[in-house]
Amino acid sequence: MSSAGLYVCFGLLSMSSAYENIALNKSSYQQYPYPEIPALPSFLTEAHNAVDGLKSNLSVFGGQCAQSGNNQQNATWWVNLTSVLSIHHITIYYRTENRQWGPTNGYTGRFLGFSLYISNSTNKSDGVVCFKDISYTESTIPAVFNTTCPVHGQYVIYFNERSQGVTYPDDYSTYAFNELCELEVFGCPIPGYYGITCSIPCPDPNCRYCHIETGACQGCKPGTRGHRCEIACPFGFFGQDCVNSCNNTCKGCNTVNGVCDTGCYPGWKGKYCHEECDKTYGPGCTETCGHCFDSKPCHHINGSCVNGCASGFLGDACMKACDNAYGLGCREPCGNCLDSKPCDHTNGSCLNGCAAGFKGDTCKEVCDSGYYGMKCLQECSSFCKLSKSCHHVSGHCKDGCKNGWQGMDCLEVESEKQSFYGVLGVLCGSLLLNGIFIAYIIILRRSKQHHTNTKTLNTIAVEHDKNVPNVNDGYQELGEIGKNDTTYDVLQ
């Protein structure tokens with residue numbers, strides 16, 4: 001071996017003795033596990049064998065190698081370092097079946113064309129290419145492969161492929177495999193340090209990752225940026241390299257973790273302002289929703305009821321009760337409530353009862369035929385033309401009165417009969433007065449006649465005494481006087 005070769009080997013050995021294998025016994029995965037068969041149980045080929053620290057037996061039957069299934073066009077294997085760590089170099093021990101390595105081994109063609117990726121996820125496209133074989137042949141590819149890769153990442157991904165329609169070199173196998181007896185990742189087990197012993201802190205306080213050899217900053221702590229990580233993320237951005245945007249529902253988020261520590265815009269809540277208000281709305285979700293249709297939640301920002309209001313309410317937020325109306329959309333007018341009081345805005349019921357002439361819960365029904373007034377308890381007059389057909393409020397007969405009756409409620413005697421009896425009464429009164437007067441005259445005249453007659457008789461008696469006339473002649477004369485008296489005529 002040349003002196004240069006000895007120097008390289010010694011350098012790798014010295015670095016390996018200083019840096020720690022940070023992949024040892026970490027979680028691992030392979031895309032196409034080898035199917036279990038009686039001659040080859042699954043524990044002999046599982047993915048974890050490539051990070052178990054054992055590499056003394058490079059045969060698949062030794063139980064120290066990971067083996068993928070046959071006849072696949074691609075092969076993927078990865079190890080999870082559990083956090084983003086600083087990597088220095090990677091070493092791979094490939095399956096040799098403990099035979100001499102080279103073109104005649106039978107497994108060198110399966111190793112050719114592989115790639116190594118360092119990523120912060122299981123997706124190799126999210127990471128960087130650490131190594132890609134484009135020049136090795138069966139004669140030149142080493143069974144123990146080393147490559148320096150001073151980057152940071154959480155996942156180390158081994159990948160190989162034999163895609164259809166692609167022409168590969170003659171040395172390449174027909175199908176893709178991952179036959180890894182050990183894959184070692186050397187680096188620092190704790191982020192923020194560098195140097196061969198991983199004991200020197202990165203020089204910049206806001207530097208999250210620095211070069212494992214020089215200490216030059218290779219990544220800022222979340223919330224900062226710049227060559228020396230001295231610049232805070234601009235407003236509205238946070239996280240590693242300030243590439244994450246705060247939620248647009250957030251008034252301003254923490255530059256490190258994106259928490260909305262300055263509050264949410266109206267209608268939103270939660271640490272990241274990503275949750276809508278539930279049955280509330282507005283700033284801080286402190287406003288209670290109105291009376292929305294079917295008890296649906298209102299709009300979380302402005303409180304409007306998207307599907308309209310429940311019965312008895314109106315307005316965008318359905319907070320206002322119907323005014324002298326009720327029902328959906330306040331389209332139903334109130335009935336005839338007592339004292340014109342408003343009805344219940346939800347069902348239209350008159351809380352204090354109905355006005356005169358109406359009945360029912362909503363006081364929209366008129367009294368039954370034949371009744372009127374308060375609570376429809378008064379009966380119509382029996383003298384209405386159509387029996388008991390009166391106005392439901394006033395009791396007035398709708399179609400007039402029966403013969404002989406008059407008035408709005410047909411309780412007055414007809415006017416012609418009243419005149420007849422009036423005249424008859426006057427006539428009777430007049431006759432009575434006339435009779436009294438005539439009787440008075442008769443009495444008065446009789447009194448006077450009696451006086452006259454007495455006087456006459458006295459005269460006659462005197463004369464009789466003088467002349468002694470015949471008595472019969474005297475009586476005849478008196479009779480003639482009586483016949484000629486008008487009083488006599490009246491008495492006749």
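Positions of Cβ are set from backbone N, Cα and C atoms, glycine also.
As recorded in TrEMBL:
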- 1-18: signal peptide (SIGNAL)
- 201-230: domain 'EGF-like' (DOMAIN)
- 241-274: domain 'EGF-like' (DOMAIN)
- 336-377: domain 'EGF-like' (DOMAIN)
- 379-411: domain 'EGF-like' (DOMAIN)
- 420-443: transmembrane segment (TRANSMEM)
Average pLDDT across the domain 'EGF-like' (379-411), rounded to a whole number: 86
DSSP-assigned states of the domain 'EGF-like' (241-274) in counts, ordered helix, strand, coil: 2 helix, 6 strand, 26 coil
DSSP-derived helix, strand and coil totals, residue by residue, for the domain 'EGF-like' (201-230): 0 helix, 11 strand, 19 coil
